Amino acid sequence: MKTSPHRNTSAIVDLKAIRNNIEKFKKHINPNAEIWPAVKADAYGHGSVEVSKAVSDLVGGFCVSNLDEAIELRNHLVTKPILVLSGIVPEDVDIAAALNISLTAPSLEWLKLVVQEEAELSDLKIHIGVDSGMGRIGIRDVEEANQMIELADKYAINFEGIFTHFATADMADETKFKNQQARFNKIMAGLSRQPKFIHSTNTAAALWHKEQVQAIERLGISMYGLNPSGKTLELPFEIEPALSLVSELTHIKKIAAGETVGYGATYETSEETWIGTVPIGYADGWTRQMQGFKVLVDGKFCEIVGRVCMDQMMIKLDKSYPLGTKVTLIGRDKANEITTTDVADWRGTINYEVLCLLSDRIKRIYK
Ligand SMILES: Cc1ncc(COP(=O)(O)O)c(C=O)c1O
């Protein structure tokens with residue numbers, strides 16, 4: 001999809017806030033741990049190239065979700081180590097090896113397919129994935145890990161790391177977390193040898209179980225200034241949201257009582273009403289669920305009325321405003337604020353999803 005630089009809707013990304021948030025995590029966790037930010041999914045919508053370049057001096061490496069995301073960073077001269085967190089197609093391992101991209105090895109079966117490839121494997125670096133209870137990818141018993149290490153050694157593949165991922169680190173009940181921790185520790189204790197990097201923590205685990213942070217902290221959502229638990233658990237220190245979403249009024253009119261607004265005529269005015277049109281819609285990731293929610297105009301909350309269209313939506317104004325008046329969808333305007341988590345709560349989802357759905361069509365402006 002093409003960005004729309006001439007459209008008056010923008011996501012403003014504060015790279016300094018991202019740097020500040022990383023600095024705060026560095027103070028919070030074990031000083032020997034390296035931060036490898038999760039810049040997958042275009043850095044949660046913030047722009048993976050821009051974010052990676054802006055924080056490169058603060059971090060040990062980067063985490064992405066697939067090979068193409070890693071290649072994009074290499075193409076933009078990001079030279080730090082990169083780890084792909086999902087299993088890739090075995091035929092593509094030569095690309096990873098050539099670009100010094102570390103791969104997750106999710107199973108012995110996958111590694112056997114890799115060694116069948118007639119590729120030069122001596123530059124390949126792998127991190128064995130351990131499924132300690134997430135139920136997604138990774139080995140579940142130590143014998144499989146040890147067979148993988150043996151196979152890697154046979155083909156001179158660099159067994160660089162081993163890691164797991166916690167499913168409930170953002171929840172108050174620690175039962176499942178402790179269970180995963182015990183399973184992972186048991187597997188680590190039975191390994192035939194230990195790699196350079198053992199790692200297990202995402203943001204939530206580092207925030208609320210910082211003793212668990214090992215060689216690498218895979219820091220995602222809170223680097224962008226958001227609480228992984230939404231509004232459930234309190235943060236041990238303050239972080240700054242890095243993204244705000246703004247637009248402008250492109251049309252303003254007064255309509256009579258009894259008129260309807262939008263597809264399906266789902267909103268009917270009960271009195272004469274000022275209606276403003278804002279150029280953002282569900283094709284931008286501003287979903288139809290946003291009907292009935294609010295935006296800020298001149299620091300005041302205004303309701304989103306009628307169905308959100310593909311490219312535009314309508315809001316109820318308290319009075320007439322000039323064309324081009326700023327509309328804040330996420331962020332602060334005067335005394336009031338709408339957070340990404342407020343949007344997520346309204347939609348019944350998580351703040352991660354709100355950010356990741358903001359489409360490429362919305363231009364990003366970097367502060
Ligand atoms: C394996 C892995 N590690 C780390 C992260 C970063 O998670 P968070 O954004 O919660 O810090 C993710 C994100 O989903 C992940 O899949």
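From the backbone N, Cα and C atoms, a Cβ is placed for every residue, glycine too.
According to Swiss-Prot, the feature active site, proton acceptor maps to Lys40, Tyr263, an assignment based on sequence analysis. Positions annotated as substrate binding site by Swiss-Prot, on the basis of sequence analysis: Arg136, Met310. The annotation N6-(pyridoxal phosphate)lysine is assigned in Swiss-Prot to Lys40 on the grounds of sequence analysis.
Cβ neighbour density within 10 Å is lowest for Arg136 among the recorded positions Lys40, Arg136. If you take the Cα of Lys40 (active site, proton acceptor) and the Cα of Arg136 (substrate binding site), they are about 17 angstrom apart, rounded to a whole number. The Cβ of Met310 (substrate binding site) lies under 8 Å from the Cβ of Gly281, Tyr282, Ala283, each of these being in the same chain and 6 or more residues away along the sequence. Of all the Cβ atoms in the protein chains shown, 12 others lie within 10 Å of the Cβ of Tyr263 (active site, proton acceptor). Met310 (substrate binding site) falls within neither a helix nor a strand when secondary structure is assigned with DSSP, and so counts as coil. Across the structure, Tyr263 (active site, proton acceptor) and Arg136 (substrate binding site) place their CA atoms 40 angstrom apart.
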